[in-house]
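If you check TrEMBL, you get these features:
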{"type": "TRANSMEM", "residues": "7-37", "note": "transmembrane segment"}
{"type": "TRANSMEM", "residues": "88-112", "note": "transmembrane segment"}
{"type": "TRANSMEM", "residues": "118-137", "note": "transmembrane segment"}
{"type": "TRANSMEM", "residues": "149-167", "note": "transmembrane segment"}
{"type": "TRANSMEM", "residues": "207-229", "note": "transmembrane segment"}
{"type": "TRANSMEM", "residues": "236-258", "note": "transmembrane segment"}
{"type": "TRANSMEM", "residues": "278-299", "note": "transmembrane segment"}
{"type": "TRANSMEM", "residues": "320-335", "note": "transmembrane segment"}
{"type": "TRANSMEM", "residues": "382-402", "note": "transmembrane segment"}
{"type": "TRANSMEM", "residues": "422-442", "note": "transmembrane segment"}
{"type": "TRANSMEM", "residues": "454-474", "note": "transmembrane segment"}
{"type": "TRANSMEM", "residues": "486-513", "note": "transmembrane segment"}
Amino acid sequence: AVLVESVLVFAVVLAVHAVVWDRFSWCAVALALQAFYVQFQWDRLLQLGGAVFQFRGAATSGLLPASMVIPLLGVLMKERCRAAGSVYFERFGLVVASTGMLLALFLSVLAVGITKPVPTNTCILTGVAGSVIIYTMKHSLTVSEVIEVLEVLLIFVYLSMILLYLLPRCFTPGEALLVLGGVSFVLNQLIKRSLNVIEGRGDPIDFFLLVAVVGVVLLGLFFTVLFIFMDSGTWISSVFFHMMTAVLGLGVIMPWLYRLIQRNPLFWLLQFLFQTQTRLYLLVYWTFLAASACGVVFYQNAKRSSESKKHQASTITRKYFHFIVVATYVPGLIYDRQLLYVAAVLCLAVFIFLEYVRYFRIKPFGQTLRHLLSLFLDERDSGPLILTHIYLLLGMSLPVWLFPRSCTPKGTLPGAGALVPYSGVLAVGVGDTIASVFGSTMGEIKWPGTKKTFEGTMTAIFAQIIAVALILIFDSSVNLNSSYAWILASVSLVSLLEAYTTQIDNLLLPLYLQIMLMA
């Protein structure tokens, strides 16, 4: 299974390399080769229990698929922005690619360093790949860009040491690279933009994303340290939690956002949300869907309490939420992507805050949330945090947030690139959902080395092709320019990756589909 997963990732890397064909795409190939070999060292460390931190069990390290996401996104962003004539964002793409490569190299060096006996061949390969990448960075980046890359690496190292210690069994090494690498990059961008505020420069919704992500992460770190010395389950601690959340929100996060957007954040947000009648209709519709999702949770818990034996939500029941998310995102993508962008940020902040309430058992809702959500746990929620619903939201939202708007004068990329914002809907909302439902109910032929079925994968591909046809009908901004063969290849490749990966597919699949469609 690991070998097939690696072959699929190499296919994506080579596809991007064939399209871009520059020094950074060659670096991506070198990084993939060394990550393939180092991945086996990580897997061995996880099996022997010598990986320093406690990582999520029942999964491989996932180093190769995770290592390539950020570099490939950066390389493609550079290429798209260069074609659009946007020099600033072309350089930004270079920084993203370089940062992703350096973070992946750091994880590789860490694995090689703690493996006993030292794997000589893997060390040589890592050294050669690292030398090629650093030499390329030296001749491509300015001094300030090199410093920026090193800043992200430093933040990543400290965040990894803190969060992997505090949150055992929540991540594989690959998932930690993706999640903590992304948070480190966002934090560095926020600090950089806060120190260099130029009035009128930058989109407020981008600043809103940066501040929201950093704000909820800092909030979690603060309370994690605080509740080491206090019992978080008491009423006094709960009152203190709500008071400090209000103080940090109104006293730190709001002024920070005010400095960046140069206007009152609350007034800006209200004006933005209710700016047009279409937005009002979408908000009412989304409120109804949110209430429906809550209804599913309460109904399933009532069903559990009425049965004598232990009841756990089935795969099909969990996929109800995927259908609800598709029904949420598709109208937003068609009618108002900026509103969807901001609403997804708000939803992410609410999800993470509610997870803090559940994790710390904050009264009056902490224990209730623990009881309600325990029904929907699966084998991937082996740590103290429940992250699958947050990963689902991230998988649907990341293609919207990462879409290079500044490099698309017409608001959309040409050809298959027009489907980039729909990557989450296609890969997770349609493909993963259909594969799970049909595979678990009608699947008989299993892919070698996995529990996934051939029937599930084929129906997923077919369903995504139908979804693309429906998008073409209802979204007039999408014009594929006869790039149907590339779309079929992309969808098939990502569906096969879903069958073979042991990583969180809600997070990984949309990013790989986005990479293929951007290429």
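Glycine residues also receive a Cβ, built from the backbone N, Cα and C atoms like all the rest.
Whatever TrEMBL says is automated annotation, not expert-curated.
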| task | Would you kindly list the residues that approach the transmembrane segment (207-229) from elsewhere in its chain, counting only those six or more residues past its ends and only Cβ-Cβ distances under 8 Å? | result | 162, 166, 183, 186-187, 189-190, 193, 237, 241, 244-245, 248-249, 252-253, 256-257, 260-261, 265, 269, 341-342, 345-346, 348-349, 352-353, 356, 360, 401
| query | With pairs closer than 6 in sequence left out, are the transmembrane segment (7-37) and the transmembrane segment (320-335) joined by 3 or more CB pairs under 8 Å? | reply | no
| remark: If you count CB pairs under 8 A between the transmembrane segment (382-402) and each of 118-137, 422-442, 454-474, the winner is 422-442
| When you check the transmembrane segment (422-442) against the transmembrane segment (486-513), do you get at least 3 Cβ pairs under 8 Å, counting only pairs 6 or more apart in sequence? | yes
| message | Need a quick answer: max count of Cβ pairs under 8 Å to the transmembrane segment (118-137), which of 7-37, 278-299, 454-474, 486-513 is it? | response | 7-37
| field | Surrounding residues of the transmembrane segment (88-112) on its own chain - C-beta under 8 Å, 6+ positions past either end | value | 24, 27-28, 31, 34-35, 38, 41-42, 45, 52, 61, 63, 66-82, 118-119, 122-123, 126, 129-130, 133, 137, 140-141, 145, 148-150, 152-153, 156-157, 173, 177, 181, 184-185, 404, 406-407
| For the transmembrane segment (7-37), which partner among 278-299, 454-474, 486-513 gives the most CB pairs under 8 Å? | 486-513
| field | Chain residues in Cβ proximity to the transmembrane segment (454-474) (below 8 Å; excluding those fewer than six residues from its ends, i.e. six or more beyond) | value | 334, 419, 422, 425-427, 430-432, 434-436, 438-440, 442-447, 480, 487-488, 491-492, 495-496, 498-499
| field | Same-chain residues near the transmembrane segment (486-513), Cβ under 8 Å, at least 6 residues beyond its ends | value | 1, 4-5, 8-9, 11-12, 58-60, 62, 65-66, 69, 73, 172, 174-175, 178-179, 380, 387-388, 391-392, 394-396, 398-399, 415-416, 419, 423-424, 426-428, 431-432, 435, 447, 449-450, 452, 456-457, 460-461, 464-465, 468, 480
